[in-house]
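Database features (TrEMBL):
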- B:1-76: domain 'Lipoyl-binding' (DOMAIN)
- B:70-136: region 'Disordered' (REGION)
- B:84-100: compositional bias 'Basic and acidic residues' (COMPBIAS)
- B:116-127: compositional bias 'Basic and acidic residues' (COMPBIAS)
- B:130-167: domain 'Peripheral subunit-binding (PSBD)' (DOMAIN)
- B:166-221: region 'Disordered' (REGION)
- B:185-195: compositional bias 'Basic and acidic residues' (COMPBIAS)
Amino acid sequence: METKDKLSAEKAEKLLYQLLLMRKFEEKSAELYTKEKIRGFLHLYIGEEAVATGVIQALKPEDNVLGTYREHAHALARDVDAGAIMAEMYGKQEGCSRGRGGSMHIFDKEKNFFGGSAIVGGHLPLATGMALASKKLKKDNITVCFFGEGAAAEGIFHEALNLASLWKVPVLFVCENNLYAMGTALRFSHAVQEIEKKGQAYGIESKAVDGMDLLKVMAAANKAVEQVRNSGEPYLLVCNTYRFRAHSMFDAELYRKKSEVEKWKKRDPIPKFRKYLLKENLISETQLQEMEERLETEIQKAVDFAEAGTWEAKEELTRFVYSENPES
Amino acid sequence: MTEFLMPSLGADMEAGTLVEWKKKPGDQLKPGDIIAEVETQKGLIEIEVFEAGILEDYLIEEGDKVPVGAPMAKLKSEGTPGKIPEKDSETHPIQEKEQATESEGPVPSDSISEETSSKEKSSEEKHRIKASPLARSIAEKNNVDLTSLTGTGEGGAITKADVEQAMAGEKETPKQSPETTAVKDTVEKKAEQETPSKQVMEPPAPSSKPGQQESIRAAVAAAMSRSNREIPHYYLEKKIDMLAAMSWLKDTNRQREISGRLLPAVLFIKAVAKAIDSTPALNAVWDNGLQLKNEVNIGFVISLRAGGLLVPAIRNADTKNVDEIMTALNDMIPRARALKLRSSELSDSTITITSLGENGAEKVFGVIYPPQVAIVGFGSIVNEPLVHDGMLAVRPVLHVTLAGDHRATDGLTGSRFLEALNNHLQNPEKL
Amino acid sequence: MTREEIQSAIFELLKKTAPDTDPTSLKPDENIREALNIDSFDALQFLVALNEKLGIDIPEEDYGKTATLGSLTDYLEEKSQ
Amino acid sequence: MSETIKITYREALKAGIREALFNDERVFLMGEDVGRYGGAFAVSKGLLEEFGEDRIMDVPLSEAGFVGAGIGASLAGLKPIVEVMTVNFAMLPMDQIANNAATLLHMSGGQLNVPVVIRMSAGIGKQLAAQHSHSWEPLFAHIPGLIVVSVGTHEDARGMLSTALNSPDPVIIFEYTSMLNMEAEIPADSGPTDISRAKIRREGKDISIITYGIGVYKALEAAKRLSEQGIDAEVIDLRVLRPLDEDCFIKSVSKTHRALLVEEAWSTINVSSEVSARIMEKAFYELDAPVKRLGGIEVPIPYPLHLENASVPQVEDIENAVIKILRP
């Protein structure tokens, strides 16, 4: 792969750290959920980390990112503060969305991270519209929109892709095909199971990539982002991946076999990437050791921050329904 | 057994206050008997019974104000059954009472239980007074007892206006205090007035109550507002040469004793009654559509000295001759001034006449008295230059106006009526 | 009948006709009907009552002579002779 | 101010759009047939020629898609005027409106503004039958986060849009097809009109007729007729259905002590229901008669003219209802 050669030790270390942070952060979240620190829905990304990491590393800070309700990892990849995300999941006002959104609605405007959307497919036209704005305002930023293969069955997916292609706007649609829309397998949802073909139907350049391999995702994403930025036209990147954990915390996983999960776990992108780095001498055992400690510290810090966070006063309940400074 | 209900004496009557019972329990009643005197917005009205029977018991007391339709007394019917057929009214009175009530089913058969149930009802009513929130809060602030009020709002709910009216009434209740207002003074004097006509030289009528005049004023206001609100008026005017009529009247009166003399108003009334023949649509009421009336009952506006109007009817004016009409006026006007009119006299009119007399304005544009559909206005007779037989001459001229309800008739009808009226007044001897 | 008797009869009957007024305050040359606000019907009734009380008939053509307290008194006084 | 011009409702709307396009480069109009067709109701006729394709965008029949794109564009710095041809199609983008436009500010803890303006033509009166005669203002007025305004007069047709575009929060504007050809005099220099306050269109002391939209001129006509009958009715144009200008009608009812609520939307759970409830809550002790509602008859709007007319309150109905309240 052409990107292999370009991967610097520094970037390699950062990417691995990011992957591990995502994994450990979510494992901690699951634990905190069972302790009732986190409530509501909690959708974990564990197993799919290579996708968010691989795509977002290709972006510039001014690019827009929109995610789904399974977006903790994307926020972390976008450098949203882990403590702010954890506090958000706690519902504390120190959270990145002041605790108003919770796990499914992580927003950070400064990082151009636009959520956190929990209606399947609902954010796709927003991405098209944001890209339209970039075009009209003659900005060179692009918009990246993550969604699952379940969203591709929604009418709005088709509208958003058609409009993006029709208008020729710089948006990268990233389909995280984890094979299950909640519990309904791809084959029970789609007559044509190659999601990339749906993009092609709208005249959008569409590629599929192994979403369990960070290097492959990076390579595909770099190419896609470059193309979107250069052409100003949309692109559909389908990342075939798998979530190791249940859809959300309250899921008996009746729809798939344990053996299937185990099989996919053997393709876990994190050990794979670590192995690759060690093999290529892009990272040392000592560094890995030290990384583990840093991760522990960062996650503990995030939890402490969330724990120390405060509850928004009830009197403020009705804030943020309308803008408080209408002059904005 | 039937109940005698507070009668509705006009579309705008909502309630009445029983001032005096004129019959006692046990009294035999025949149609036309005055059973009670009731004070209304329009003044004290004697109310009649329309069926024969025996007054069994009072259901309300003197001083009670009850809405139209509320039971006032229990009657034992005789002969024709009342409006609401009752089992026992078909058989025979008094002795069969127990039997009759038994047959009514689960209700215990004695009169005590009836009383109890009616008491329960009234106490329940007290707890369930319908009043608007605003009326309640005003009543509370001003210590007005809502149970004593009759509502004029939706479903008989007491409104702000009802409470305020009660408060205004209450202010006047202190009897004969020296500070009483001039208006009230006038009213009371008026009430005690002896009318000058022969047969009515009676002791002062005790009937009139303070506030009565005001309620007449209020009734006029209500009727006129309603008219203005609901009736699309059209107006027509005609000048009538009165030389012939006035000459005839002069000749006639010259031959008569003073007590038999006629007023011009008699000619007006008679002429209107005859003119209606050709335009029956003006002798009608509007109640979800035009309803022609067979009788010609001409309402004659009588203004009261202290303000306000009463409009008693001269019944079947078309069949009365001028002397009979004068007799009717002689009877009615003094009673009107004494506020002693009968209920039916106030509610029977089918068309109204207003005449300002010889010193009034030259023209009067009337406001139709709902539900009637026309009012004829007679100005004062004045000498005016008038073309007569191609010559300009000064002649006595009467300006007659017709206000018609445009829903009922149009200008053509009104025009025809005024023309007919003119013709009749040109031939006074035939009236 | 003295002039005083006639006047007191006039006052009595006027008071009955217009009880809210004080006829005794009428000036001799004041128009009675205007001052006391008496309409044509009451005016006729007043004359009827005068006729009954005093036994004096007033023909219609003489109505004009009865307009003021002074002229009415004069007229009645003359007729009663 | 003294000079007035005669203008149709359509021309007034167009003047408002034109002015907005002139005043702010970020403003653009998008909607079905707004450009080459000239607008389904000829409201935007000629604007394409004047402002070009970039500012006057024809869009495909993708209501959810282009409304979502409008929301997205507003997130990214533009001021879109999105036209949903008629409210009858507004259930398609309802998800975008209710789940995105109305929630983003709140979910993001106050970070994201959605300054989108969505115009919809609404109401009955053209014999368009059940699917094309909706009065769905109440559906939108139900949703916190939206500003819902109703254009009941020519002045507002002319002036509401530019004020709406200055709002940092999403504004839904209801316009009325049946009023498009109606002419009225407005001040020649008529400018932006407020979108936060109700307006007393006629002062009176006997009763408050509280209405909006098509009801405004009807109520004014009824009030005129009533005045000939000695009844002095106050007519309140709610103008903004959310957030309701409660002060205005509570004050009015406290003065008149009676209220008749008029609108074309079906009576069950309509705007009048809310107004009525607020009167009960805030002005109960001022009431001298029960509050009455005059709303749409609960039936899908039928095609024949006489039945269509019977489906919504007419001037005579308003007149009679007032008389019934005042003279029970």
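Cβ atoms are placed via backbone N, Cα and C, with glycine included.
What TrEMBL says about a protein is an automatic prediction, not a curated fact.
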Inquiry  = Just to confirm my parser: what is the rounded mean pLDDT across the domain 'Peripheral subunit-binding (PSBD)' (B:130-167)?
reply    = 88
Inquiry  = Using a Cβ cut-off under 8 Å, which residues of the same chain at least 6 positions beyond either end of the domain 'Peripheral subunit-binding (PSBD)' (B:130-167) come close to it?
reply    = 14-15, 65-67, 218
Message = Based on DSSP, tally up the residues of the domain 'Lipoyl-binding' (B:1-76) by helix, strand and coil.
response = 0 helix, 41 strand, 35 coil
Query = Of the residues in the domain 'Peripheral subunit-binding (PSBD)' (B:130-167), how many are helix, strand and coil by DSSP?
reply = 23 helix, 2 strand, 13 coil
